[in-house]
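Feature list (source: TrEMBL):
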- Lys15: active site (ACT_SITE)
- Asp145: active site (ACT_SITE)
- Pro103, Val104, Ala105, Gly106, Gly107, Met108, Gly109, Gly110, Gly111, Ser112, Ala113: ATP binding site (BINDING)
- 75-153: domain 'GHMP kinase N-terminal' (DOMAIN)
- 215-288: domain 'GHMP kinase C-terminal' (DOMAIN)
Amino acid sequence: MSGAPQRVVATAPGKINLSLRVGAADERGYHALATVFQAVDLLETVEARLPQVPGALTLTVDSRVRGDVPVDATNLALRAAALLRAETGTTQGAALHITKRVPVAGGMGGGSADAAAALVALNRLWQLGLSDRELMLLGAGLGADVPFAVLGGTALGTGNGDQLQRVPAPAPLTWLLCAPGGHLATPEVFRAFDALAAQADAQPPRTPRADQHQLAALAAGDREAIARSLANELHEPAVHLRPDLQEILSALREHGALGAIVSGSGPTLAALVRDAQHGEEVSARVREDRGDLECTLTRSSPYGARIVAVD
Ligand code: ATP
């Protein structure tokens, strides 16, 4: 269609960290990471319309998951909009509407996905013409997971997780995601990581190294080897703060998951399963003991933030 769009809808994926190695914190308290991100097809949707009042920026949220989502200026989608305006000098406004499906404060980067989808939608609505690369650089200023939510697929993240390199991962993977309720604040999990390292007199490396075995397993599409390589150095601090996570992980493995990990800083748990039917079986068995678990089946996704409708 020609002319300026009135409405743009974009989606962006939640993520799992297939491996997460944590290094020392810098003077700002940000930790160096080496992590393999994988996008899943559990999507956030951001609709951006031209507002009735020119220049106004507003937000509404329709959440399909538990947990509180801020609707004020601290919401990452609104912060993305404000950043785009500041960087480009545009004074255009937007009415944003988020449909949330990624668990809130669950370690799956849901807020970052909202920021990424907002950047992509507003770039089109406001006809700014920024490239994905430019949006990723801008997004890094909002949060370390935002660039990955723009890129999607499977990628190695270094720096604070914002320096990305795509990695080959040809085999589609099926994941059973279990949200045990409650939240874990990412900064709190990193503080527990630091405290546990100090207690053990351990010195995290300045620059953690990527897990080469995992990269090789992904490139080969070897599910069993991928399952064996799943590892998260935030596991210990997350379990320290939420001991019940360990029981659920053990139950997922006992009930047949190929592998299971805490996703990012938790508390969502990600279990690798053979296919949807296998995932349903594992889910039913685990939920016999823990009926309060919200489990969802999803698959790895090659996509990052992308536009799905323009009117
Ligand atoms: P991380 O990217 O650190 O893994 P997470 O997935 O654990 O984050 P999010 O759902 O992104 O957690 O939200 C973390 C916090 O950010 C929330 O507790 C909330 O206060 C705030 N927040 C800001 N904007 C959003 C948003 N659009 N959706 C959800 N939370 C948001």
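Quick reminder: no glycine exception, Cβ is built from N, Cα and C everywhere.
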Cβ neighbour count within 10 Å of Ala113 (ATP binding site): 35
Surrounding CB atoms that lie within 10 Å of the CB of Gly109 (ATP binding site), all protein chains: 31
Spatial separation of Gly109 (ATP binding site) from Asp145 (active site) - C-alpha basis, Å: 6
Structural state census, the domain 'GHMP kinase C-terminal' (215-288) (DSSP three-state): 44 helix, 11 strand, 19 coil
Cβ-Cβ distance under 8 Å to Lys15 (active site), same chain, at least six residues away: Phe37, Gln38, Ala39, Val40, Met108, Gly109, Ser112, Ala113, Asp145, Phe148, Ala149, Gly264
Contacting recorded positions, sequence order - Lys15, Pro103, Ala105, Gly109, Ala113 vs ligand 1, Cβ under 6 Å: Ala105, Gly109
Cβ-centroid neighbourhood (8 Å) of the ATP site, Pro103, Val104, Ala105, Gly106, Gly107, Met108, Gly109, Gly110, Gly111, Ser112, Ala113 excluded: Gly14, Val102, Gly264, Thr268
Cβ neighbour count within 10 Å of Gly107 (ATP binding site): 29
Cβ neighbour count (within 10 Å, all chains shown) around Gly111 (ATP binding site): 27
Cβ packing number for Pro103 (ATP binding site), 10 Å threshold: 25
